[in-house]
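**Student:** OK, TrEMBL features for this one:
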| type | residues | note |
| --- | --- | --- |
| COMPBIAS | 539-553 | compositional bias 'Polar residues' |
| DOMAIN | 30-508 | domain 'Major facilitator superfamily (MFS) profile' |
| REGION | 534-553 | region 'Disordered' |
| TRANSMEM | 26-47 | transmembrane segment |
| TRANSMEM | 182-199 | transmembrane segment |
| TRANSMEM | 220-240 | transmembrane segment |
| TRANSMEM | 246-262 | transmembrane segment |
| TRANSMEM | 331-351 | transmembrane segment |
| TRANSMEM | 390-407 | transmembrane segment |
| TRANSMEM | 419-442 | transmembrane segment |
| TRANSMEM | 454-474 | transmembrane segment |
| TRANSMEM | 486-503 | transmembrane segment |
């Protein structure tokens, strides 16, 4: 049975001009600009290839002989001799004693300045880059808890306003930090605190005032806009070459949206569930006017007379563990967030730290492959289901990491070609985007309205904390053993395959409308949660005049 809100939404138009304009402005334009402002720090923190600065070389001495005189050598995992990038002989004519380099030469083939090259974060100080990523991800975790609770209690609109403002302020603080590591980190933390609240909030608003058939469309638009932003962003850096100018150019376009953020529409479904029927009706009339429809007097009267008992705000994320079945679904989703986030972050951060190929073009190509993956993910999720899509893509990722690991162990020249490594990561980015798509849909479909943003935010928490590990995995590969990242991530991907197999399928399933429903979601013995027609997907939220025990309590 459809709730009075759902019937009212059909009357005012649940797939009209209002929804399409909202998606274009927020799920495309804002998400596109946000993706560059949020991710510009990744390229800015790229570690350029570097070597010790040597005394001026005489003309009659070759480069190799001059390096061999001043730089000690070491064997890599494949037995090849390489010059040290961090140590130099004290007095090469009299002793083999070494010391740390006093200054460095950076390979400026692609970058003029990055943050590590400007601040000399090299050798042992490379850990500063890993620490900044870790601090940022941990702040994302704390921010996700706060903004998830904030969005469910105080609304989607104030969450959007605060999140968008903080990312602009955070990037400004980092720009004016100068030589202060602490101030720079504070700026990164401020910008990272809202985490993915901006795109998730606009997606939730869109979904909660649209038909169920638009859920996949909204998710596709958001991820496509995000991928396009990532694909264009490196070309700006390639053109500008300086990290400060790059940060300004990729953050400034968000400023007008931040100043006008108060104009965004609040979710009418959230207002109705929270008991603000008058504000909900006012928004629905605005939707009706744009869509050339009209809200009937009977529906309006029925909405005003409908009451809800909604205590979910007092429990927040704890309500996600209120029963065995709901807790199991939540834990499985969180484990997937952990595994997938680690793998994605490693793939994202590994691009740009080489001069063997164009890092900007490589970053862009690997982002572009995410665009068709969004449509492929939508097609697979609607054809074979959310769970099978996740399992299939994770199997491909496990195979990819196995090849990456073998590539670091073999001396086969063709397998160690730069373009082979780029192709492997591109395949990984394509398939892991399908996994992200499926996980996001399951997050939206497993939780009821009053806990939907809390569920998404809890996923952000564990995603951010786990992604904080990724820079240290890369650090181990650079400074300890190049085989370690591949070995670690092969194991992670295998675990993720088995985890995804135990999730309930949500394709064409009657979705939980209340916490009581969500506590049973996935129990096959319950007939009311077996597969049904697509029309039943519209029953996402509240029902009319339900007893208190069946509401979001």
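A Cβ is built for glycine as well, from the same backbone N, Cα and C atoms used for every other residue.
All TrEMBL annotations are machine predictions without curation.
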**Student:** Please report, as numbers and ranges, the same-chain residues at least 6 past the borders of the transmembrane segment (182-199) whose CB is under 8 Å from any CB of it.
**Tutor:** 27, 30-31, 34-35, 37-38, 41, 115, 131-132, 135-137, 139-144, 146-147, 151, 159-160, 162-164, 166-167, 169-176, 222, 226, 457, 460, 464
**Student:** Taking a Cβ cut-off under 8 Å, which residues six or more beyond the ends of the transmembrane segment (26-47) line up next to it in the same chain?
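**Tutor:** Those are 111, 114-116, 121-122, 126, 129, 132-133, 136, 164, 167-168, 171, 174, 188, 191, 198-199, 202-203, 205-206, 218, 221-222, 224-230, 232-234, 236-237, 243, 246-247, 250-251, 253-254, 257, 264, 348-349, 352-353, 359-360, 363, 478, in sequence order.
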**Student:** By a Cβ-Cβ criterion of under 8 Å, what residues six or more beyond either terminus of the transmembrane segment (390-407) are in contact with it?
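**Tutor:** Tertiary neighbours of the transmembrane segment (390-407) are 336, 340, 343, 380, 384, 415-416, 420-421, 424, 427-428, 431-432, 434-435, 438-439, 442, 483, 485-487, 489-490, 492-494, 496-497, 500-501, 503.
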